[in-house]
Amino acid sequence: MARSALLNVMVQAALKAGKSLSRDFGEVQNLQVSVKGPGDFVSQADFKAEKIVHDELMKARPTYGFMGEESAEEKGTDGAHRWIVDPLDGTTNFLHGIPQFAVSIALERNGEVVAGVIFNPATDELFTAEKGGGAFMNDRRIRVAARRVLSDCVIGSGVPHLGRGNHGKYLVELRHVMGEVAGIRRFGAAALDLAYVAAGRLDGFWESGLSPWDVAAGLILIREAGGFVSDMKGTTDIFGSGDVVAGNELIHKALVDVANRPVPTR
Ligand code: IPD
Ligand code: CA
Ligand code: CA
Ligand code: CA
């Protein structure tokens with residue numbers, strides 16, 4: 001599979017940041033950690049990885065804009081392109097020594113995500129996709145799972161952390177989905193969850209309260225793997241709403257329906 005020059009830039013940046021994360025993961029107890037809000041942490045490892053990704057990407061394409069979780073957004077001069085970066089998705093896992101975290105890098109062109117890379121340095125799994133070129137894991141083509149009914153499906157989700165205000169809404173969604181599916185998983189890194197949907201490991205996924213850097217690369221991976229992604233209403237306003245629902249065509253639709261069932265009155 002031939003990667004474009006741009007995708008190669010993204011892959012090199014993700015691998016380099018991944019090396020830094022692996023080193024810090026080995027000494028996680030010595031890292032400086034600060035608290036952004038209740039249950040919301042950031043460490044030196046996040047900042048270092050973001051600087052590496054930023055410098056690699058901006059060296060290669062200095063006119064592009066840059067949006068990263070841990071820094072102020074930089075407007076590009078070319079007006080069309082923007083990098084969207086989560087340098088460490090799964091910080092809470094990382095800080096607990098759980099090897100489920102990733103670097104996530106997406107490229108947006110005229111408001112549309114056209115390339116994405118998600119790299120888990122702990123498992124050496126590299127997920128890549130470019131618009132029209134298919135989705136890959138370590139150079140092997142990946143596709144979303146083919147299961148057709150929710151009762152056969154394992155569905156991923158994200159449970160809102162302590163400071164997030166949507167616990168009640170989440171419990172209602174959970175109750176509805178739990179009553180329909182074979183099983184639910186919560187792995188703790190949304191970008192990787194979406195990569196798992198693209199790879200057919202998870203049949204579907206839903207979460208609310210996400211930011212563009214959590215989902216941008218995952219969106220194109222899933223679409224290029226033959227899947228469907230939307231917000232909870234089934235529209236494409238994923239960045240605006242912070243919601244994501246994903247799966248193959250049938251499972252995506254079934255999840256949107258189930259997640260929107262009215263709250264039971266008793
Ligand atoms: C978080 C993870 C987590 C999700 C949270 C995100 P971070 O990202 O993706 O799975 O449930 O909503 O904020 O802060 O570790 O990059
Ligand atoms: Ca964070
Ligand atoms: Ca994240
Ligand atoms: Ca992050």
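Each residue, glycine too, has its Cβ placed from N, Cα and C.
Secondary structure at Asp214 (Mg(2+) binding site), taken from DSSP and collapsed to helix, strand or coil, is helix. Cβ neighbours of Asp214 (Mg(2+) binding site) (same chain, under 8 Å, six or more residues apart in sequence): Asp86, Asp89, Ser104, Ala190, Ala191. Under the heading Mg(2+) binding site, TrEMBL lists Glu69, Asp86, Leu88, Asp89, Asp214.
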Binding-site residues near ligand 4 among Glu69, Leu88, Asp214 (Cβ under 6 Å): Glu69, Leu88
Do you know which of the binding-site residues Glu69, Asp86, Asp89 has the most other C-beta atoms within 10 angstroms of its C-beta? Asp86
Around the recorded Mg(2+) site, report the further residues of that chain (criterion: Cβ within 8 Å of the mean position of the Cβ atoms of Glu69, Asp86, Leu88, Asp89, Asp214; site residues excluded), sequence-ordered. Val85, Pro87, Gly90, Thr91, Ala102, Ser104, Ala189, Ala190, Ala191, Ser211, Trp213
